[in-house]
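Enquirer: Pasting a structure here, questions to come.
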Amino acid sequence: MEDGLLLQGKREEKGVTGRVLGEEVKRLVCIAGPMVAVTLSQYLLQVISVMMVGHLGELSLSSTAIGMSLCNVTGFSVIMGMASALETLCGQAYGAHQYKKLGTQTYTATLSIYIVSIPIAIMWTYMGKILIHIGQDQVISREAGKFTRSLVPALFAYATLQPLVRFFQMQSMVLPMLISSCASVCIHVPLCWVLVFKSGLGNLGVALAVAVSMWLNVIFLVSYMKFSTSCEKTRVPISMEILHGIGEFFRFAIPAAVMLCLEWWSFELLILLSGLLPNPKLETSVLSVWYPSLDEEQLGPELTTLNTILTLQAIPYGLGAGARCVTKSYHLILSMTVLYLFVFSINCSDLRVAKLQNILSYGVRRLSNVEIKFNFFSTRVSNELGAGNPQGARVAVYAVMLLAVTETTIVSTSLFASRRVFGFIFSNEKEVVDYVTTMAPLLCLSVIADTLNAALTGIARGCGWQHIGAYVNLAAFYLCGIPVAATLGFWVQLRGMGLWIGILAGASTEIVLLSLVTCCTSWEKQAIKARERLFKGKSSSDNVALMI
């Protein structure tokens, strides 16, 4: 598989032929199958937990919702962003046949993320006091603090798991991830049930079950890494050498985390803005048809307004995270997080249990509606650049964009063609159905923008452009998207549609900027740059010779 992933023997070709492009597309598609199961397993670990908490009382459910949202925002998002630096470091090292560097860089990343996790763990330990200090309900805050303290072991499990996942992703070794993720879910179900309902721990049992399941996943992947012959080339002993790469890792990890968190928090801000909108019944009904389980009488009209934004989030994160090698459950976690944050912002203690249970059931229904994307694009780009194969990287980029365009064409065309009947699936009200027909073109534009956006973001990660991506996201979402959304939503009185257009404006800006960067890229220079970093001490001429 290792040699098969690199376009060996194609370097002499000057142009991108249909045969070469077809081989690359086939190579990408063949990896997708096992990743579907991995993705569903990752989703289920989160969904099962919140489903079980939903059967507890209002206090447990509210405190768990707040605790999970704060942990996602303050901890897991940072770790996920930092670990994505390995998509550049490990991916290019694998392409350059510097196999030992994969193991060393994985250890370096784990140590570095552990260092960052220590202050996060301290913050989680005192989260209850922090919430009380900022004026939140004392009872809920204390319970949320207990939950975040119980989730600290999961933080370090996640800090270990994410680098390991990147280690296997960059080698396109999907089988161990498939087995470990499925096994962890199978164990998580009875374990979570016992800890929540039989041990008397309540919602704290969810935190412990998540931690145990994550650590079991880690143990399996570490064991596979240590004993499997497939990892023989990349397996290295732990040594002082891992300390030498900390600086290089942070040079990629910090902008990678900033890049991810900037986009994450832009949606958070829009969700909070949506809570300030008026709540006309027609608008909330139309926006809720994309997720019919969220009834406005049960959840409240403001919360129902959020569904359009959350629908769009599933598209970019499915493919955007996907340009890495495996589909992420990130967009599900994100959607649950922003819902929790919104609930928190309007005071959970005033919500009925039915409302919170429906919020959690939203995640379950989202699992059945989410799109599985081809989420391994940055692996191909980084592998080819590391191999000193600019033509292979160029072919990978063309294949990525071809798949993205094909996917978005199918989805958007289907949505547009069914726009006049789609509303009847969820409502018999003619006024609502007619308005859905009017809004459908906007949804189609969102599908197109977010899919292209995600593909370009994956290419950027494969090339090591995390710092460029951070600047692009800052400009696209904070200088364009959010101001446009606020202006149209409140000043122009477009309300939910205004927020939607603001998201489109931000996504479109990101597409334009990343497209310019990608189109103006010299893949020959990118390949030389990757080789120079990997083979420190060699001259540029040496690297050119290696490429030839």
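From the backbone N, Cα and C atoms, a Cβ is placed for every residue, glycine too.
When I checked TrEMBL for this same protein, it listed these features:
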TRANSMEM  28-45  transmembrane segment
TRANSMEM  65-86  transmembrane segment
TRANSMEM  107-127  transmembrane segment
TRANSMEM  147-165  transmembrane segment
TRANSMEM  177-197  transmembrane segment
TRANSMEM  203-227  transmembrane segment
TRANSMEM  248-267  transmembrane segment
TRANSMEM  329-348  transmembrane segment
TRANSMEM  395-418  transmembrane segment
TRANSMEM  438-459  transmembrane segment
TRANSMEM  471-492  transmembrane segment
TRANSMEM  498-523  transmembrane segment
Enquirer: Below 8 Å between Cβ atoms, which of the listed ranges 65-86, 177-197, 498-523 makes the most pairs with the transmembrane segment (471-492)?
Expert: 498-523
Enquirer: Under 8 Å between C-beta atoms and at least six residues away from its ends: which parts of the chain pack against the transmembrane segment (498-523)?
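Expert: The answer is 266, 270, 273-274, 277, 308-309, 312, 316, 385, 390-391, 393-394, 397, 442, 445-446, 449-450, 452-453, 456-457, 459-460, 463, 465, 468-469, 472-473, 475-477, 480-490, 492.
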Enquirer: Looking only at residues six or more beyond either end of the transmembrane segment (248-267), which have a C-beta under 8 A from one in the stretch?
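Expert: Long-range Cβ neighbours of the transmembrane segment (248-267): 73, 77-78, 80-85, 88-89, 105, 108-109, 112-113, 309, 313, 334, 338, 461, 464, 466-467, 469-470, 473-474, 477-478, 481-482, 506.
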